[in-house]
Amino acid sequence: MADKTKSSSSFFNRSLTIHSHRTTDSTPKSHSLNPSLNRTTSITKFYNPVETSLKGKVKNLCRLFEGSKSSAKPTDPPQKHKSNKSVLSESRLSPFLSLNNSVIRLPGTEDRIVVYFTSLRGIRRTYEDCYSVRMIFRGFRVWIDERDVSMDSAYKKELQIAMGEKSSVSLPQVFIMGKHVGGADVVKSLFEIGELAKILKLFPVREPGFVCRCCGDARFIPCSNCSGSKKLYDEDEDRHKRCPECNENGLIRCPDCSS
């Protein structure tokens with residue numbers, strides 16, 4: 001029995017020593033592993049220098065560009081820093097904004113908008129400018145006196161006299177309230193900055209989708225006197241004469257929308 005008690009006590013003592021040895025041995029191992037397993041210390045150790053170096057590089061680059069901008073400012077002329085609106089108002093928009101001082105005028109058109117254009121597609125740029133200007137005005141649904149120089153040569157002579165016989169005239173040309181506004185560039189600029197909408201408020205607005213029933217918005221119809229043939233038979237003289245009412249194409253202006 002004594003041997004049994006000794007063996008049991010020694011067994012328990014061994015278990016205690018094993019457990020105590022494990023606990024004592026585990027503490028230094030845990031301490032030795034903690035620095036490598038500590039995420040915060042390892043991340044700050046390895047990534048903080050990279051972050052600081054990147055921030056420093058970014059700051060240096062920013063200083064570099066700021067220095068180049070500051071050095072370039074005094075050399076730039078002051079005229080180049082003007083806004084687009086100021087340039088337009090000084091160079092292009094001044095003929096319209098000072099209508100009372102406009103030299104070029106078209107008598108008899110003080111109550112309307114007149115657009116000289118061409119419907120021929122011989123020159124692509126000219127045709128596109130004419131089309132875009134007409135569409136801008138039609139978008140506001142105001143009535144326009146459209147004068148196609150390719151349909152009636154009298155319009156070309158009329159525009160040449162108004163602009164000056166010695167000056168070269170390009171199409172389109174716009175007159176508002178009898179005063180010259182300009183070509184496609186000026187009209188587009190006025191439209192983009194919103195000035196054209198303010199100007200066109202002075203004119204009455206047509207119904208949406210309005211189309212002239214007489215000419216279909218062509219502004220011309222065949223001459224009713226000669227049926228578009230440009231010739232009339234004179235019984236007294238027994239010969240054909242030129243019709244005095246139509247143009248070189250046998251057309252007359254639409255009495256409904258172009259009068």
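Just so it is clear, glycine is given a Cβ too, placed from its N, Cα and C backbone atoms.
What TrEMBL says about this one:
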| type | residues | note |
| --- | --- | --- |
| REGION | 19-38 | region 'Disordered' |
| COMPBIAS | 25-38 | compositional bias 'Polar residues' |
| REGION | 68-88 | region 'Disordered' |
| DOMAIN | 114-181 | domain 'Glutaredoxin' |
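Across the domain 'Glutaredoxin' (114-181), DSSP classifies residues as 27 helix, 16 strand, 25 coil.
Confidence over the domain 'Glutaredoxin' (114-181), given as mean pLDDT on the 0 to 100 scale, stands at 92.
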